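Enquirer: Sequence annotations record features per position, and here TrEMBL assigns DNA-binding region to 28-98, 114-182. Annotation source TrEMBL lists compositional bias 'Acidic residues' at 187-196. Feature annotation from TrEMBL assigns compositional bias 'Basic and acidic residues' to 197-211. Among the features that TrEMBL reports, domain 'HMG box' is placed at 28-98, 114-182. TrEMBL lists 1-32, 178-211 with the feature region 'Disordered'.
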Amino acid sequence: MGSLKTCSRYSDSSGNFVKRHRGDPKKPRGKMSSYAYFVQTCRAEHKKKHPEASVNFSEFSKKCSERWKTISSKEREKLEVLAKADKVRYETEMKSYKPLKEVKKKRTKDPSAPKRPISAFFIFCSVHRPKITSENPDLSICAIAKKLVEMWNNTSPEEKQPYTAKAAELKKKYKKDVAAYSTKEEDNVDKDEDDYVKDGDNYSEQDKNDE
């Protein structure tokens, strides 16, 4: 989230930034970037020092942007861990989210179209999430996601290799499937065009007979 986007979020009573959903209130909260978490921290610090003071969002965003450039790599890494965890939380919630019926009819996605492959990290999550969930039934989705991110960050390159290899395999298969799907779509278009021409020829013959 860039500094200007801060204005599109509003702080709650805890000083946290919460994005408002104008359309569907049940829609999962949008995922937060490492910078968004940094801004949230700045906001909390400001509120603690000046509890009664109002915030000029334009000036506040500018100061946050300047301060962001000076933070240490260790601080930035902590924020990136939070961002990754929130991304997992968001994508997990979106899987079970059912959007409200839209007024405008959108183009229906072809169910037979190849699905994008998941990354090595998400393959890792799919393997370890069930165990964490069963061992910690009281943990929230966000807490589980954060734990998975920490586990992944503490996993050595050698231990990550099976997940990386699987992700590469899925990516390779996806590219082949996309190529095959594209060829199939082109064949369908060609067939539709041929049928259209034939229909036109039949129509012309019918016109002659009517005459």
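Glycine is no exception: its Cβ is also placed from the backbone N, Cα and C atoms.
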Enquirer: Go ahead and report the DSSP secondary structure tallies for the DNA-binding region (114-182): helix first, then strand, then coil.
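Expert: Counts, helix then strand then coil: 55 helix, 0 strand, 14 coil.
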Enquirer: On average, what pLDDT score does this prediction assign to the DNA-binding region (114-182)?
Expert: 92
